[in-house]
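First up is the structure itself, then whatever we jot down about it.
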Amino acid sequence: MGPWWALWLILTLPQILGGQSPTMPQGFSQMTSFQSNKFQGEWFVLGLADNTYKREHRPLLHSFITLFKLRDNSEFQVTNSMTRGKHCSTWSYTLIPTNKPGQFTRDNRGSGPGADKENIQVIETDYVKFALVLSLRQASNQNITRVSLLGRDWKITHKTIDRFICLTKTQNLTKNNLLFPDLTDWLLDPKVC
């Protein structure tokens, strides 16, 4: 094994074994601090884009509520609730903080060996109105990229939606990967990205 091969292996093996770790997308500043106590509470998932979703999935998914409950050990217990017809679907998981501000790994304890590792990064937030969240997961030889737009209420500014679109573009997501909101005729402010 030559020195270049060894260097390549050293640099890529952690990502191959551990999944992808979010890096700060172009046009977004690295968080220098993250205030978990301000982030906790109820959020509405107002925007969702995912590279595995297609236009035909839109009728199946729509805005939903997510609750971030801060535990004593700085982990978040996350509970999601979505209505589907006359039924309410709920699912929960734990987010474990990493050493980077606003970055977490999703706890897969109990999921068994080989469970998918998911890295989640709060890219941007003001804590009171909106948050942009990037999730990267390696599953069955497929990289899954998800971008979420969270709001404290159902109203969101045009600038925030533009920032959401900018973040999806940095992740090579297209309008076909946007599940909601419907942005078919949206005109992006070119000064935002």
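Cβ from N, Cα, C; glycine included.
Annotated signal peptide per Swiss-Prot: 1-19, in sequence order. As annotated by Swiss-Prot, disulfide bond applies to Cys88-Cys193. Among the features that Swiss-Prot reports, N-linked glycosylation site is placed at Asn143, Asn172.
Sequence features, as recorded in Swiss-Prot, placed on the structure.
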residue: Cys88; record: disulfide bond; CB count, 10 Å: 11
residue: Asn143; record: N-linked glycosylation site; CB count, 10 Å: 12
residue: Asn172; record: N-linked glycosylation site; CB count, 10 Å: 9
residue: Cys193; record: disulfide bond; CB count, 10 Å: 14
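Looking at Asn143 (N-linked glycosylation site) and Cys88 (disulfide bond), their Cα atoms lie 29 Å from each other. In this structure the C-alpha atoms belonging to Cys88 (disulfide bond) and Asn172 (N-linked glycosylation site) are separated by 32 Å. On a Cα basis, Asn172 (N-linked glycosylation site) lies 14 Å away from Cys193 (disulfide bond). DSSP assigns Cys88 (disulfide bond) to a strand.
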